[in-house]
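Colleague: Would you mind keeping the following structure in view while I ask a few things?
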Amino acid sequence: MSDLQHIIDDAFERRDSITPNSVDPIVREAVLQTIDMLDAGQIRVAEKIAGEWVVHQWVKKAVLLYFRINDNAVLQGAGTQYYDKVPLKFADYTPERFKQESIRVVPPATVRKGSFIARNAVLLPSYVNIGAYVGEGSMVDTWATVGSCAQIGANVHLSGGVGIGGVLEPLQAGPTIIEDNCFIGARSEVVEGVIVGEGSVISMGVFIGQSTRIYDRETGEIHYGRVPPGSVVVSGSLPSKCGKYSLYAAVIVKKVDAKTRSKVGINALLRSIDD
């Protein structure tokens, strides 16, 4: 792995001079191998190590180099054609392979090569970009989008129209992460490398970026860039210092643990926000 990383890091420093026709065969092979490993879930753009999320920047570099070494080509899709540098993940899948990997893909869901879809995941008509990871047993609902390099945990439900932001550049920016057992309500957006902690419930129409104030009404604490585990979050507002107006905020109305979630439905949690 260290040799692969060294080749990618070195090539990235010379990326402006790399074209599909001029790329060194060793670099091409290293990039393609990295994308194949991403596609198979053997490596990830980010992973949790000792309780902290670690971003593997060299993997993001490989994704960016993948665009430089490929020409656009015609891709066959559901009833139409596409013209792009990244092939579709399931282009060469057979019925046997779908069964072996135990995933369900509903047309016209679009998944780019270099993303990983774990066992028992369900993709309704949705979009999953290169470098993304969708965990075991998760559902990506209708018109939801999983951006480049976004990390979706196990048993997550991304409801209809949800947007999970992608990030390739700037290189130092971290990916958006939805941890295990989260529920993201319809038409919500989580972007700019925000981390939603395990077991959280995000209500419909909540928008969270790095500058969004995430207000915990129980403690009065304001978070940025991270929703604490087990949070139930709704749209809200906070007054300005002068008191003349209010600005948007995401509001943590309560905290729940796994035991509570197993006994109480999502809708019940959201209906009882004044409890």
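For all residues, glycine too, the Cβ spot is worked out from N, Cα and C.
Remember, predicted model here, so these are calculated numbers, not experimental data.
The feature substrate binding site is assigned by Swiss-Prot to R104, D141, with sequence analysis given as support.
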Colleague: Just to be sure I understand the packing, how many Cβ atoms besides its own are within 10 Å of the Cβ of D141 (substrate binding site)?
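Modeller: If we count other Cβ atoms within 10 Å of D141 (substrate binding site), we arrive at 19.
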Colleague: Who sits close to R104 (substrate binding site): which same-chain residues at least 6 apart have their Cβ under 8 Å from its Cβ?
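Modeller: Expected: F98, A121, V122, L123.
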